[in-house]
């Protein structure tokens, strides 16, 4: 009887995962229709819906299991036996890796993230690594130039499943051909093979054609973002063939792609060749499997720890008033714990901070907000904590610590990609690096605002610089929707004495923001002030912010590109493409 119960529980969990991934694919499959209809609000709703599906189905399975087991008492080894039976169901299962993560989620929900051991959880996968390369059907089609790149591109583009007309296909083919000729010789292109993914990758207002360009013994990305013109016809905005550009397109600060992937492991392996700098976790997250990406992220952390003797240290930079942040010197992640008590000037609660982080997870991050992974009961050996960090943890987050003898459990934390804090970057930057960073910072603010996100605290210390030189926001405790903010001009002083007073001569409500004040706390450095005034003076004007608010209220969804403005065909070729409301 007991063995039958363990099998029933294992089958219930796997069937629950089947239901979840079926709904995941169903929402994903609707991406083409949403794109063709230019239904951008539906795109945003689908993104949130797909993220919520996982936790919803975990909850359904947990309730089923409670009904199955009732009030029965089980011995301590019962969860281990269920895991063993579940493992036996996976060798022939096509999505075994995410099914393991789903099992972990159900276990954690049932047992409140306690007793997280390899005997009861899939800390590492139970299946051989080679299974990731078992592809039952090709994920891509091959196209060869045979000396005529334009003809090959015509065949490739007219073979796409999109049902909208092209605005000017011959023009786009000329643009792509020119871009290829600027990067490769005629001889290289004549013998090149283009491997094009069968599925388009949808995100925001674009459908991405993703491919591999094989030239001799080398492989390059081949990425074409397809957009709508104002008249509803299709056009291609650029052609990207460098791995650095591809890495940014699939970056950790962007929303997850909608790509139909019934075999996600196969898709991840296919992408790896053109995204060699991405970890397995990042690739799963890029295609929308963020919960399994979280599992892989933890596995990458464990692998690093097993091969290193480094101690955790307090992260470099200005200490936060809300978050305690620590890291490992050679690891590319930071760990963020919400402090038990905040500085007096921070009028937020822990629940509000967590809600802000969830908002970022669900919102269009437009390449400007870092993704985070949330963990509970994160166990660390005390010997791996520097004395300074251990003292800081005991001082700032004692309510979130559980002493386990030689180890310590942190009840809740976020893991996030490590970046160079912008304030530290600017201290070391030369003139050109400083100009580039300020341009990026202003663009980040504007793109977030266009996506209906107001950062709140805009100090440089709350932004980071990635290895590609992009500026990304990572401090979320004060973010809110743009439409919730009241942007005001500072009223003129009534008397000369007003300007000398310690208190403002005008009333200030909680949601009031005065953009004129940004100049004072952002532009203390004369060099930075000059560049800021040159590039982003509009950020100091309340009218600019109110104009953005009105566009949002009117239902306008901005175009945000995953590449610099100068990479657009309209900029590179000197020819006009259809007008878009870009904030690139």
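The backbone N, Cα and C atoms fix where each Cβ goes, glycine too.
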According to Swiss-Prot, which candidate in 294, 336 joins 315, 316, 317, 318, 319, 320, 321 at the ATP site:
336
Compare all C-alpha positions of 315, 316, 317, 318, 319, 320, 321, 336, the record's ATP binders, and send over the largest distance in angstrom.
15
Could you say whether, by DSSP, residue 336 (ATP binding site) belongs to a helix, a strand or a coil region?
strand
Starting from the Cβ of residue 318 (ATP binding site), draw a 10 Å sphere and report how many other Cβ atoms land inside it.
13
Restricting to the same chain and to sequence separations of six or more, state which residues have a Cβ under 8 Å from that of residue 371 (active site).
252, 253, 285, 290, 360, 361, 365, 416, 417
Fewest Cβ neighbours within 10 Å, where candidates are the binding-site residues 316, 317, 320:
316
Most crowded position, judged by CB atoms within 10 A, among 319, 336 as binding-site residues:
336
